[in-house]
Each structure stands twice: as C-alpha cells, then as structure tokens.
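Have a look at the structure below, then the notes.
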Amino acid sequence: MARSQSRSRSLLLSICTILAILIHGAHSFYLPGVAPQDFFNGAELTVKVNKLTSIKTQLPYSYYTLPFCTPSKIVDSAENLGEVLRGDRIENSPYTFKMGDAKMCNILCRKVLDAKTAKAFKEKIDDEYRVNMILDNLPLVVPIQRPDQESPPVYQLGYHVGLKGQYSGSKEEKYFIHNHLSFTVRYHKDKQSDSARIVGFEVKPFSVKHAYEGKWSDEKSRLTTCDPHTRQAVVNSNTPQEVEDKAEIIFTYDVEFQESDVKWASRWDAYLLMTDDQIHWFSIVNSLMIVLFLSGMVAMIMLRTLYRDISKYNELETQEEAQEETGWKLVHGDVFRPPSNSDLLCVYVGTGVQFFGMILVTMMFAILGFLSPSNRGGLMTAMLLLWVFMGLFAGYASSRLYKMFKGSEWKKIALRTAVMFPGIVSAIFFVLNALIWGQKSSGAVPFGTMFALVFLWFGISVPLVFVGSYIGSKKPAIEDPVKTNKIPRQIPEQAWYMNPAFSILIGGILPFGAVFIELFFILTSIWLNQFYYIFGFLFLVFAILIVTCAEITIVLCYFQLCSEDYLWWWRSYLTSGSSALYLFLYATFYFFTKLEITKLVSGALYFGYMLIASYAFFVLTGTIGFYACFWFTRLIYSSVKID
C-alpha cells in the first residue's frame, strides 16, 4: 500500500514538473534570437522604420507611402521569407541617435502638404494606422499605464499616425498628426566594460503646431514651441497640428536614455507579459474535463463492453452455440472492405500526416525557444520549410494506405498527395494576393517570393513526396486481421441518431470545445497585431486536441459498428474533421463581434485566410480521428476468433 502511494506521488510529481516546464516555456523561456550588441557612449544607434499597420484594414503599407521625412537615400533591409509574407518592409530612417546623448526638440524636417498628401494622411488616420519602428531589433512600443498604478504598463506596438478630434466649442471633426515623438531608450549597463545593451524602446507621440521666428531656414530656424536652449519641452498636445491642404508641418523628436535593471536576455519579457494566466488555465481545465469524460467512455467501451463482447464471442465459438452473430462481430466480413473514393482518402490522410509532423516539430522548436519573437518571420519561415520536408512522410503514409487498398499505381497517388492540398491553398492565396496588389499594399507577395514558394513546392516538396511514396510502395502491404467477403452485406436501416450527417456534426463539437478558448488568443494575436508566445499552453491544448479527436472517433465508430454499419473509413475522417466547420463558424462570430473591419477587401482577406486555416484544421483533425479508428478496428477484430 505504501509503495503504491509512493508511486502515485512520484507520478503526480513528474506530471507537475512537465507542466511547470511547459508553462515556464510559455512565459519566458526563449532564445533572444540574435547576438547581443554592446554600445559605448557616443556610438551611433540605427533606427529603422517598418510597415504601417491597421487592425481596421489588415493591409500593411510601406512607411514611405506617406510623406514623412526621408533620409538622403532609402535603403531596404534584407528580409526573410516569413517577413515578406507578413508584409514587413524594413527601411532606414532619418532619426539619428547616439548612445547616452539625450536630445531635446531635434528638428527632423519641414513639410508643406498639398491636397494629395493631406488626403493620404487623413485616410491613414481614419483607418487608425500605426507607425512601427525598430531599434537594435526591438520594436517601438507605446506604454499605457493601467488604472491601478502599481501594475506594469501595457505596451502597444507602434504609435498612431494621428488622431481625429474637435476644437472646443466646435462640432467639426478635424484630423491631427503626431509630428513630435518623445523617445525613451532603456539600456542595461555593464559595470566592468562600461558598455551598454539596449533593453527597451518606447515613445510618447504628440501633435504640436510648431511656431518659429522669421522665415524658415533648415539649419538656422529656432522653434518657439519647444527649445533645447531654454529647456522648453513638449509635454502635451494642447495646440495640435492639423492636417489640411497647404498645412505646414514641422517634424521633431526628443530622445532620452534611461538605465534599466532589466538584463538583455530578459528584454522581451515586458512585451510578452501575460495578464490572462487564469483564462489560459481555465482553457486547459475545460479541455481536460472533456478529455476525462471521453476517456471514461472509451475506458468503459474498451475494458467492459469490448472485453465482455470478445469473451462472449470466443466462448460461443468454442461451445459451438453461435447460431447467429450479433453486434460489431456481425460485420467482420465487410469492415475492411476498401471505401468508395479510396484514392482521395489516401491523399487526405497523407496530407494530414504532413500537417501533423509540421505542427509537432514547430511547437517543439517554439517551446525550446528557437522561434523567438525577435526573429521576425521566423515562425512562418519554419512552418513553411517543415511543411516542405514533411512531404516525405505524406508520401509514405498515403502510399502505405493505398497499397493496403490493393492499389498499384503509387506514382498517381504520390502526385495527387503532392499537388492537391497545396494547389487548393495556392489558388485561394493567389486570389487574395491579387486583391492586396489592387490596394497597393506591402502585404502583396512580390513575384520573386512567389517564385521561391513555387520552387519550395515543386523543387523540394514534390520530389520528397515521391521518395516517401516509393519507400511506402516497396513495403509489404498491411494485412487485414479478418478476411473480406466477396459480396457486401446490406446495411440495416439506422436510427436517426446514427445518421452519418448527424453523428459527423456531433463528433466535431468536442474537439472544437477543447481548443476554442486558446483559439481566441491565436485570432487576437493574428488580427489585432499582438504577440502570441504562449507555446507551452498551446502544446498542452494540442495534446488534448489529439486525445479528444482520437477518443470521440473511437466512441462513435464503436456505436456505428454495433449498428451493423461497416462504412467507417470516411466517417472516421469526417467525424473529427467536422470540428473545422465549428472553427470557421467561430471565426465568423469573432469577425462580427471583435473586429472593426469595414472594407470589402479586408473582409475578403479575413475570410479567405480563415478558410485556409479551417481547411488545414480539417485535414489535421480528420487524420488524427482516422488513425485512431483504424487502430481501434484492427485491434478489436484481431481479438476475436473468426472462422
């Protein structure tokens, strides 16, 4: 008894330790992504500008599409595949910082707007566009203090181009631009070498109608609204700069340097601070309840009902009392009959294996910290490359199943596996990309990147699928545990609740229920431009999703076989795969309740990308359910004696 308690305690401790590691990974364990850079006093700091973003339009634009101040020559930074697909366009800027050299009211440039440029600014202000900048690979953030002053501030990525408002006593709405930026660079000082590392990059934007004495001269003009000589700083936007035709706008900025206790390795913690741990824990507990409920049902079926069934069937055979078989054993001669459209099923199962491998390895890398948020576009690049290399497993899985169905043309099945899913996704993606091109957005994928994607597909993925398929075709075919009759038996009329459409739709509810809370955070990070870096929680939810898909499919498959309906192949795939329908319906609900998208193109982008995501989710969950049911049927039919 004591030994049993000790074992239970050690098992519980092991589970808690694993959970702690995963959740710690969810909070702060990541590799910073780039080597730290040391700066000495007076060293030049390179401030770069990134895309303009809006959660209202979801269409990113290059910074210099608006008539901001420009450097003498605009230089593009090299971007990885993921950054280009995200619409990042990183360029140099006219802002010049020197380490430790605080500046007040530094004049950047003077612009006089015409009707066209004023309209461009107004449109971006209307759509609530934000300006994104980067310093030492850290994104620019606007700190917003919480109502309770003791809590750390919330950080918003980028500052708004401007704002709309009214003058006191007037009802006419005006447009104002943020033309004065007050930057704060936080650094951590190394006491031994006297060098510093940047650990924070913040800004407070202001709208100020600057005034100056006499005529404007770029070098000699001195502002009266803010002056470093008289220590007069901009602290509010009481006299804002209006955006209108022929308006004169003077762009200025301050820089201050603040020493920080935050070390360089922990500088991303503030960005990734999670304020909703309880919601995530609720999500995990909610999902675990579903799993426990299903596990109980599966355990009851496997241990009690099946054990009793198998014992009874075997006992009857030995006593030669079985005049007529009943229940699931009755369909043993038809249960492994190849389904209709078996080729298509092989293709979908192979594609699902490819997805499963990609997601599993991506999450492993993310939990270990290799996909740090400082490596912009790293997650997307990793997923694309892993998808390509997982083609080997896709070809193998589809070929093995195809050979079991007595198929002989493995090349045909390999080609369909390599081309079908990527082809459908590419068609949708091409239409969406054409819409983005029409809006002149930087989110449109350039032809060079398109060529790179096509090369990854046809140059690497397709050959790997063929290699996997060839290996699979050379393996001996999977033997059925029971022989299949030559003449298919008639399926009796089914009860209304065993109707295929009804049971398939019911089967998708629980897998979706296991993930929908975490899905909210994923959608928020994608469409509301926030960081998602809680891969520890996500991995737990993914594990729960796998178990849920497997268990619900096994339960419904058992009920189906007991009803003497042996057409389980496609139904097992569609049962758990139907959770993708609920995912798309939830995405529609999220669109109308959480997003403020009003433009038709932006709406089409949202639903287009969510359709691709739902299709991928269908393939993934369907494959998990199929393999669970495949294992279950082989297990039970190999356990009974059949003449």
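Just so you know, glycine gets a Cβ as well, placed from its N, Cα and C.
According to TrEMBL, the signal peptide annotation covers 1-28. Annotated transmembrane segment per TrEMBL: 281-303, 345-371, 377-397, 418-438, 444-467, 504-528, 534-561, 573-592, 604-632, in sequence order.
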Near the transmembrane segment (604-632), which residues from the same chain, at least 6 beyond its ends, have a CB less than 8 A from one of its CBs? 58-59, 345, 348-349, 351-353, 355-356, 359, 421, 424-425, 428-429, 431-432, 435-436, 507-508, 511, 527, 545-546, 549-554, 557-558, 568-569, 572-581, 583-584, 587-588, 591, 595, 597
Do the transmembrane segment (281-303) and the transmembrane segment (534-561) share at least 3 Cβ pairs under 8 Å, sequence separation 6 or more? yes
Determine which residues of the chain contact the transmembrane segment (345-371) at the Cβ level, with the cut-off under 8 Å and only residues 6 or more beyond its ends counted. 22, 25, 29-31, 339, 378-379, 382-383, 386-387, 390-391, 393-399, 401-402, 405, 407, 413, 416-417, 420-421, 465, 535-536, 538-539, 542, 569-570, 573, 616, 619-620, 622-624, 626-627
Considering only Cβ pairs within less than 8 angstroms, which of the stretches 377-397, 418-438, 444-467, 504-528, 573-592 has the most against the transmembrane segment (534-561)? 504-528
Looking at 418-438, 444-467, 504-528, 573-592, which one has the highest count of Cβ pairs under 8 angstroms to the transmembrane segment (377-397)? 444-467
Sort out for me which stretch, of 418-438, 504-528, 573-592, has the most Cβ pairs below 8 angstroms to the transmembrane segment (444-467). 418-438
At a C-beta cut-off of under 8 Å, are there same-chain residues at least 6 beyond the transmembrane segment (418-438) that contact it? List them, or none. 59, 347, 351, 391, 394-395, 444-445, 450, 457, 461-462, 465-466, 601, 604-605, 608-609, 611-612, 615-616, 619
